[in-house]
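What TrEMBL annotates here:
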DOMAIN    A:21-30  domain 'Uroporphyrinogen decarboxylase (URO-D)'
BINDING   A:Arg26, A:Gln27, A:Ala28, A:Gly29, A:Arg30, A:Asp75, A:Tyr166, A:Ser221  substrate binding site
SITE      A:Asp75  site 'Transition state stabilizer'
DOMAIN    A:154-170  domain 'Uroporphyrinogen decarboxylase (URO-D)'
There are 2 protein chains.
Amino acid sequence: MTTCRQRFLDALHCRPTDRPPAWFMRQAGRYLPEYRELRSTQTFMETLADAERAAEITLQPIRRFGMDAAVVFSDILVPLAAMGMGLEFESGVGPVLTPPVRDMDGVRALRDFDPDVAVAHLAETLRICRRELDSDAFASHDLGGRNAGPRGLIGFCGAPFTVASYAVEGRGSRTFEHTKKMMWTEPRTFDALLSRIVDVSLPYLAMQVACGADVLQLFDSWGGALDAATYQRAVLPHLTRLVKGARDLGVPVIVYMNGGSHLLDELLASEPSALAIDWRVVPQVASAKVGPHVALQGNMDPIVLLADAAAVRSETARTLAAFEGHPGYVFNVGSGFVPATVPENVAVALETVRG
Amino acid sequence: MTTCRQRFLDALHCRPTDRPPAWFMRQAGRYLPEYRELRSTQTFMETLADAERAAEITLQPIRRFGMDAAVVFSDILVPLAAMGMGLEFESGVGPVLTPPVRDMDGVRALRDFDPDVAVAHLAETLRICRRELDSDAFASHDLGGRNAGPRGLIGFCGAPFTVASYAVEGRGSRTFEHTKKMMWTEPRTFDALLSRIVDVSLPYLAMQVACGADVLQLFDSWGGALDAATYQRAVLPHLTRLVKGARDLGVPVIVYMNGGSHLLDELLASEPSALAIDWRVVPQVASAKVGPHVALQGNMDPIVLLADAAAVRSETARTLAAFEGHPGYVFNVGSGFVPATVPENVAVALETVRG
């Protein structure tokens, strides 16, 4: 019988699978009561630093639902903190980074770090997860008779534009005013910042693989804020270096973008193992574009999981049907779960995927 | 010599023009010191109710920069307030509508209104603008020797999905959780809400044309949050009815969407006179898709106008070149001006458009 991990890796290598593997972005999160309980006594940064607890949070959705892969509980901004930026998660605001990087001096102030030392907690979290996911507990955790065995473990980092946007804005943004202004008025500074981000991301990803990650996902959550010509000129060379370096680690590399239906050609040019797309991309169009040797992941609207079971079943089935025929496919949502996600609906979606 | 208004109308009718006409979404706004001064003593709703002042705000950017068209100072949420919803603009939050529409009773509570009575202030604002824009003051306001004469006057309303999303969420949203949940679980309620919005929008637009609007723009600012199949099924019939009704008023109708590069076919199916696109759409792709009888408007990233003059010149020129050859083209940004827009850069962009 195929193990969950093998099914996940097979799909990412565009090899045949008995059914599509499935996991969900932000599957470990606030929608789960057991997550809220574990998080209630700690700040977000404290939880990240507590490897036992971060590992338990990573495993919670697997224990409850039995997805084919776990994604390590961490944050794309961890490397910026390790480079020396102040990082706090403020309630109602989200991440706040201080001081924001606004010029070449700011870029120069970002220091290298040794991931085994600076983010030792993440290394330990991954090692615990790897051990647990390979243990008998999960091998015998047989939901529906077809998803036993070890699970995949996904490590990740942010892609260059997305990480740079947080460094420059100092927080989340809808308009990326400071980031784009830097790109247009100080292109050398912008270029140097993206280079530095890739420089530190590569050993950071290598550490994650060394500690047990089977697969890496690169989140370019906000890259879709750029037009195609600008993305190609100012960002793609950096993304390509990151993807190539990550693939050289010997694991499949998934590139994800939210709102990037206009950038499929550019993302594909970075040569990922798989492209993770949102619901704005028509699956058949993506399949034709990426061809038979690049896997696809996605792309259901996560807000479907706030609706009722009938809608979840029909939208999940619609998603599966749309990707049918693509040689490598991983079921997922097109962006991360929101806190109002209904846990019972997650089970319904997974039942539908499992046929 | 072509007047500004004629140039604008010619472009929207895909007739030849001496140069592309130009205006900017949210050209009357907080980036202008004269706007901040006029707004300093009134709330947003008070200013809308003060026709003299709203008209002056509409005309401010024309006085300073001489764009080819003015867009009436109003808000897409005005009809929801006229239907009986509470509407306040809270600092740092944006619009807040009470109570949010969450079920069929909420839809039924939305009442019809007579635009000449319920929004008499907007009618008066438009009449003042029309008179001023046709007056000698503007006919002699000759910037660069080629833009004298009366200006176009743009009326507008929100498109069905966008207005519905505010009614259902009660405020702005990134995820549209309540709106999409209604769409999937209570499709009849969702459909009834969109119908009601179109019902009241048509006389609302007719009033604007009767009071002097030359052109109508329909803002589907958030429609891009839906996948294409869902938009086509649940929204397009309502948009099409609105566009058809608006065109029956005898004026060109522009349909605008932000983040809608994946919905061009659907927007085109509503048969607008012009499609307004953002920078995520490649102009040549849009041009091939819409053909020679639908005009295009857009699509520069408005954040360019926070950069320096050199960047503004080159990005404006790149935008103009990309639309060259399309029979009807109106220069604009791809989404509204942000408050940090640099007024001097607006002048540079317009100089570049004027050649």
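Numbering starts at 1 and runs along the chain as displayed.
For all residues, glycine too, the Cβ spot is worked out from N, Cα and C.
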Other parts of the chain folded back onto the domain 'Uroporphyrinogen decarboxylase (URO-D)' (A:21-30), taken as Cβ under 8 Å at six or more residues beyond its ends: 4, 7-8, 10-11, 36, 39, 57-58, 60-61, 65, 67-71, 73, 152, 154, 256, 302, 330-333, 335-337, 339, 346, 349-350, 353
Fewest other Cβ within 10 angstroms of its own Cβ, chosen from the binding-site residues A:Arg26, A:Gly29, A:Arg30, A:Tyr166, A:Ser221: A:Arg30
Which same-chain residues, if any, lie at least 6 apart from A:Ala28 (substrate binding site) yet have Cβ under 8 Å of it: A:Tyr35, A:Ile57, A:Thr58, A:Gln60, A:Pro61, A:Ala70, A:Val71, A:Phe73
The one of A:Gln27, A:Asp75 whose CB sees the fewest other CB atoms within 10 Å, among these binding-site residues: A:Asp75
Among A:Arg26, A:Gln27, A:Ala28, A:Gly29, A:Arg30, A:Asp75, A:Tyr166, A:Ser221, the record's substrate binders - longest CA distance, Å: 23
A:Arg30 (substrate binding site): secondary structure state under DSSP, collapsed to three categories: coil
